[in-house]
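Written out below as structure tokens is the structure these notes cover.
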Amino acid sequence: MTNIRKSHPLMKIINNAFIDLPAPSNISSWWNFGSLLGICLIFQILTGLFLAMHYTSDTTTAFSSVTHICRDVNYGWVIRYLHANGASMFFICLFIHVGRGLYYGSYMFLETWNIGVILLFTVMATAFMGYVLPWGQMSFWGATVITNLLSAIPYIGTDLVEWIWGGFSVDKATLTRFFAFHFILPFVITALAAVHLLFLHETGSNNPTGISSDMDKIPFHPYYTLKDILGALFMMLILLILVLFSPDLLGDPDNYTPANPLNTPPHIKPEWYFLFAYAILRSIPNKLGGVLALVASILILILMPMLHTSKQRSMMFRPLSQCLFWMLVADLITLTWIGGQPVEHPFIIIGQLASILYFLIILVLMPITSIIENNLLKW
């Protein structure tokens with residue numbers, strides 16, 4: 001008799017994806033972040049669901065409903081801070097996951113990679129709309145500034161912004177629709193993640209060497225289930241330390257002031273995970289140019305397979321490309337720091353140089369270095 005795990009229509013899908021899945025024997029801890037992202041997503045949906053039970057999406061009551069959650073709801077403060085800091089963990093895992101893909105050439109799985117880029121955009125949109133919901137000062141002004149960027153689109157820009165706002169400024173209609181979208185998008189993300197996984201399982205996982213591992217596969221369970229559980233425990237530990245000891249470490253103090261359209265905060269800035277893109281946006285004096293650079297900074301990921309000029313898939317045996325990769329990481333950290341600084345003398349020029357370097361490394365230096373490495377192999 002066949003095991004029910006292998007014969008039942010529903011169990012069979014789970015079995016082929018998480019139990020009997022053939023996995024490369026040499027994938028490192030950098031491959032843990034896909035499962036961590038799945039855990040983050042489920043976690044965010046659950047905490048978000050409980051927050052939505054007590055939240056009201058009205059400009060007059062939104063701020064006080066969040067205060068009510070923190071003060072009056074049983075363990076409401078834990079749920080709220082788990083959700084807020086869970087978003088930070090989500091983005092840390094996302095950035096590492098994308099970085100892993102760049103380093104080991106995982107972008108050569110075209111469908112998986114492109115759906116991954118769409119997922120990144122969707123998660124960023126969801127996080128942005130979630131940041132607006134508490135209706136604090138930074139929520140309101142962040143929403144105003146970021147939605148206003150669309151007015152840079154020629155001809156239809158102004159109409160588009162007013163259509164998104166549902167009026168002539170960020171107001172009740174905007175908050176209500178942002179709550180609706182923030183609630184529905186995580187389920188869209190879940191569906192996209194399933195498709196992402198579907199395409200990945202068509203080809204099988206990449207591995208650190210970038211060489212086919214078909215001749216050396218091991219079952220996903222128990223080897224990688226156990227490894228993923230260890231990774232999840234580490235992530236939970238970091239998240240709980242953050243939530244229980246310094247829940248506001250990554251937040252903005254301005255968001256503890258109720259939204260006031262008549263009073264602009266001295267420094268409008270988004271959450272830390274958007275600062276690198278915000279720095280690129282600010283580094284260009286022209287509004288439309290800045291918006292295009294902002295979109296290009298993420299959309300550039302779609303070009304990665306076309307910019308791959310190396311004969312080797314992975315960077316494991318390419319020291320020159322490795323140097324460039326870590327330069328790119330350092331550059332992104334610099335951009336993140338600059339995005340949180342005021343627009344004044346040393347920061348403006350540092351931001352502009354870091355922005356130029358970001359595009360230069362990806363579009364010019366990496367492909368050229370790969371060609372040089374190809375020629376070095378002939379020696």
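Using N, Cα and C of the backbone, Cβ positions are placed for all residues, glycine too.
In Swiss-Prot this protein carries:
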type	residues	note
BINDING	HIS83, HIS182	heme b b562 binding site
BINDING	HIS97, HIS196	heme b b566 binding site
BINDING	HIS201	ubiquinone binding site
TRANSMEM	33-53	transmembrane segment
TRANSMEM	77-98	transmembrane segment
TRANSMEM	113-133	transmembrane segment
TRANSMEM	178-198	transmembrane segment
TRANSMEM	226-246	transmembrane segment
TRANSMEM	288-308	transmembrane segment
TRANSMEM	320-340	transmembrane segment
TRANSMEM	347-367	transmembrane segment
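The most densely surrounded of the binding-site residues HIS182, HIS201 is HIS182 (count of other Cβ atoms within 10 A of its Cβ). Under the DSSP three-state reduction, HIS97 (heme b b566 binding site) is assigned to helix.
If you compare Cα positions, HIS83 (heme b b562 binding site) sits closest to HIS97 out of the binding-site residues HIS97, HIS196, HIS201. Annotation for HIS97 (heme b b566 binding site): same-chain Cβ neighbours under 8 Å, separated by at least 6 residues, are PHE33, GLY34, LEU37. Long-range Cβ neighbours of HIS196 (heme b b566 binding site) (same chain, at least 6 residues apart, Cβ-Cβ under 8 Å): THR112, ILE115, GLY116, LEU119. Here the transmembrane segment (178-198) has long-range neighbours at 17, 37-38, 41, 44-45, 48, 52, 55, 57, 112, 115-116, 118-119, 122-123, 125-126, 129-130, 132-133, 143, meaning same-chain residues at least 6 beyond its ends whose C-beta is under 8 angstroms from one of its own. Geometry remark: HIS182 (heme b b562 binding site) versus HIS201 (ubiquinone binding site), CA distance 29 Å. Cβ contacts within 10 Å of HIS83 (heme b b562 binding site), excluding its own Cβ and spanning all protein chains shown: 21.
HIS196 (heme b b566 binding site) falls within a helix when secondary structure is assigned with DSSP. Following the DSSP three-state reduction, the secondary structure of HIS182 (heme b b562 binding site) is helix.
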